[in-house]
Amino acid sequence: MKIYNTLTKKKEEFIPLEEGKVKMYVCGPTVYNYIHIGNARPIIIFDTVRRYFEYKGYDVNFVSNFTDVDDKIIKKAIDEGKTAAEISERYIREFNKDVEGLNVEPATRNPKATEEIDGMVEMIAALIEKGHAYEKNGTVYFRTRSFPDYGKLSKKNIDDLEAGIRIAVNEDKEDPMDFVLWKPKKEGEPFWESPWSEGRPGWHIECSVMSKKYLGEEIDIHAGGEDLIFPHHENEIAQSEACNGKEFARYWMHNGFLNIDNKKMSKSTGNFFTVRDISQSYDLQVLRFFMLSAHYRSPINFNRDLMEASKNALDRIQTAAANLEHLIDTAGKIECEMVSGLSTGGSQALSKEEEELLKESAKLQEKFEAAMEDDFNTADAVSAIFELVKLSNTYGTKESSPAFLKELLDRITLLCGVLGIKALKKEELLDEEIEQLIKERQEARKQKDFKRSDEIRNLLLEKGILLEDTREGVRWKRA
Ligand code: AMP
Ligand code: ZN
């Protein structure tokens, strides 16, 4: 399996640190708002990477953090008259709903920064002890020049970087390139005790600490969006390697950016969608399918036409799967009738032609694998699935044997499943059942049983039913 490694700028054969295991860390969101569709890209991509490893039989330890202390969270808390913890908890809940809709496997662990402060204080103290960090007026800085490999990931030269810094803003820093590990609190901010000041950690240290705690000093893959290469990942490497004296991560994977209508996504120009916005008009499976239609390292352009195209493409797969399922059901019934002597025709055994066609379909599975093994080329992997769909549509008929139909259906659902795509839609709910569940949800909300009301909302979402709370009451529609 080949992975493009940002560290070496080459596609490299994947060799795990420990046979059969993958230790993977993906930098997670800062939880101060609903995630936007740009944030969804790394979530979907690295979930697909994980799923492919699992398909290959690897045991994947997948850790992704929540940054739940940060200026933006604090600002939102002040604006809304809430605590920072209330804000972050709310958006972690909302995040979980979105990723469920996107069919993302739950991480092995989702550590939260605020629950790992002790570990951060410990690592900062170790860095000071080793001469890689220093304290000035309650702030602790990383001594960037003490780490000779600084810049190895982003291919930046520390002297060039320094030349680019025009003003020495901070008198306390020994060197303009030094970055903050710990900072004293400001009035009204959440804070923790430390040997240096009552304060809070800088952003970069949390990932070094959580990755070490949950995966060990050396891991296989560290991933995130390409904007994280510098300074976030560069600083993580400096902290971890200076502290542990070991290579932090073997493979660094970064996804390209998502643009909207060929422009950078930006809230101020209205060029911005949350995953929740999209879920009002589409099943989130469509968004997932859309993300997989391009190579993860290339930029991807989002617009309504492309989403419609993804919806139609996904529909083609799901229709083929539903047809196969229907044919299998009918064939099953014919067989029962045959057993009871009521019918003739339809055979259990594979015909010669079917055997040949199944060999062809197995080759398409190999084609799918070859695409995925070439640095997770999901676009080509999806093409292989479409070839399989075409084969099924052409040769899966009432006359086919159930074994043939079943093998085709299993192969389509298996390969779609590797991409996190559900080939078989869940059974549809009847209108009355939906109304009944909505009533139950209203009742639960009245009783302040938000757990139940969320459960119902998610259940409906899973069945493709979107709810909208309006002043006139709850409206619903099918995705
Ligand atoms: P943030 O919450 O801004 O730290 O972002 C969380 C993740 O989303 C990081 O891995 C970012 O690199 C990624 N990300 C943010 N914006 C985009 C975008 N427009 N396209 C792709 N990835 C993005
Ligand atoms: Zn990180």
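Glycine is treated like the rest: Cβ placed from N, Cα and C.
As written in TrEMBL, here are the features:
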| type | residues | note |
| --- | --- | --- |
| BINDING | Cys27, Cys207, His232, Glu236 | Zn(2+) binding site |
| MOTIF | 29-39 | motif ''HIGH' region' |
| MOTIF | 264-268 | motif ''KMSKS' region' |
| BINDING | Lys267 | ATP binding site |
| COILED | 307-374 | coiled coil |
| DOMAIN | 367-430 | domain 'Cysteinyl-tRNA synthetase class Ia DALR' |
| COILED | 427-454 | coiled coil |
### Message
For each of Cys27, Cys207, count the other CB atoms within 10 A of its CB; which of these binding-site residues has the top count?
### Response
Cys207
### Message
Radius 10 Å, atoms counted are CB only; among the binding-site residues His232, Lys267, which position scores highest?
### Response
His232
### Summary
Note on Zn(2+): the CB centroid of Cys27, Cys207, His232, Glu236 has further same-chain residues inside 8 Å, namely Trp203, His204, Glu206, Ser208, His222, Gly224, Leu228, His233, Asn235
### Query
Near Glu236 (Zn(2+) binding site), which residues of its own chain have a C-beta under 8 A away, given they sit six or more steps off in sequence?
His204, Cys207, Ser208, Ser211, His222, Phe248
## Note on the structure
Rounded Cα distance, in Å, between Lys267 (ATP binding site) and Cys27 (Zn(2+) binding site) is 22
### Query
What does DSSP assign Glu236 (Zn(2+) binding site), in three states?
helix
